[in-house]
Amino acid sequence: MNYLLAQTLDVTTDNNNWDIHSDVTLTPRTLNVHWLWQLKFSAAKNVSNVTDRMLQACGGAGYKTELGLERLYRDGKAGWVMAPSNEILRNLVGVSALNGFTSIDLWEEMSNERLLQREVKKMTLEEKEKLGKKLLEEAQQEREASEGTTSKQHPYQDTDFLNPFNTAPPAALSQEIKTTDGVIHKAALKPDQWTSLSLLSRHNLTDKIAAFTFTLPNPTDHTGCYPGQYVTVRVMINGKEQIRYFSPVSPPDDHGKIELVLRYETQGLISNYFRELQPGGQVEFQGPCGGLEYTEGSLDEVTVVAGGGGVTPGVQLLRHLTRNPQDTTKMTLIYYAETPRDLLYRDELDGYAKIDDRVRVVYTVGEGGEGWEGDEGFINTQLLDKYITKPNAIKHKVVICGGPTMSISTLYSLYQLGFPPQTVFIYGQFGVEQVKAVYGRQAALASHTCH
């Protein structure tokens, strides 16, 4: 079956000739997808059944590493649950056999009218009127956008893959800054060339996350980044260039140094490189490369919603705010972590909230344990409704930095609370797509600036 399907794909694609895809609507493999699903299902089932029988035949000795059976058994189970899992494949093949392949709607392009009607019947008259009004408004916005009568998206937006919210290329704080003590501070980093920096120190924040502080070329230098921007790091590993993006926790006025946070990954090349990096070791930096460009006093309020290691932009923004008493912006950090031990910079953040009435810090954890007095559970609508300032006449920006699941969940909550899309900025390459998935394809987008 494997051979026949491979042969079929060769014939269908003219021996894998990519020239035929100059027509982007051509999808010759699609007609064979359900057969490939069945092949994966059958192969995974066979491996799982055979390795299970082998283990039964060997008894407890089958788990001995030297036999090699334990690895085969583990791989067999992994093949069964590997996406799409065999349970899901059984459902997909059954649905396609009964109702046709298009009924699966893999890309969620078709609505289920029967389901819609069933759900609408559950609604009260007031709920129906509210939903109808909202749908008519969205339809009008999409019609105007499609006809070109309105344009809610800047022409530059969604053209830079790394910075989809940007309305212009990332700005650099390249000018010299003279502080009240008369010292002139120059920008150490540049967005178009690499600068080698030396590791000054490192310390563990948790057993899996560490902070690395690098010295800038001169003790009076500033980074050259606006608060909220990120940088690129480059190292050479086995003769190959490896690049990674970091949002520093040190603000621009942290003269002479830049601090990064890294989560150690078992198989990560850069993680292993940093794990072995000792004080004095060199790493190349470039930046700023994008992100939020925060400017003092340009907003009334900023809310940062962060998860895990995604708190780094929030730490940077809070450090900058608390060092500038003339900045009237209020800032709220809503921060989720698995356990209280996983809350990074907690003592420092608590200190800001105690001494600065512009700052509020809210923690929520997956498992609080005995003695935990903060919130528990994921960041959801109820939590945000409790702590976030609702949309009003103030200039308010919501900044999200976390995994895709948290970002989408937060967006749905903000949508339900009445926040317009142009007030929400998300770190990461897919932030715009996430906003459009919740607010609609014609949604107005936030800018990377605070204006």
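Using the three backbone atoms N, Cα and C, a Cβ is placed for every residue, glycine included.
Features reported for this protein in TrEMBL:
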- 139-165: region 'Disordered' (REGION)
- 147-156: compositional bias 'Polar residues' (COMPBIAS)
- 192-295: domain 'FAD-binding FR-type' (DOMAIN)
- Arg244, Val261, Ile270, Ser271, Thr312: FAD binding site (BINDING)
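Less than 8 angstroms from the CB of Val261 (FAD binding site) sit Leu205, Ile209, Ala210, Ala211, Phe212, Phe246, Val249, Gly309, Thr312, Leu344, each of them six or more residues away in the same chain. Mean per-residue pLDDT, taken over the domain 'FAD-binding FR-type' (192-295), amounts to 93.
Taking the centroid of the Cβ atoms of Arg244, Val261, Ile270, Ser271, Thr312 as the FAD site, the other same-chain residues with Cβ within 8 Å of it are Val233, Phe246, Leu260, Leu262, Arg263, Phe274. In sequence order, Leu262, Arg263, Tyr264, Glu265 make up the list of same-chain residues 6 or more apart from Ser271 (FAD binding site) whose Cβ falls under 8 Å from its Cβ. Ile270 (FAD binding site) is surrounded by 18 other CB atoms, counting those within 10 A of its CB over all protein chains shown. For the domain 'FAD-binding FR-type' (192-295), the DSSP-based tally of helix, strand and coil residues reads 8 helix, 53 strand, 43 coil.
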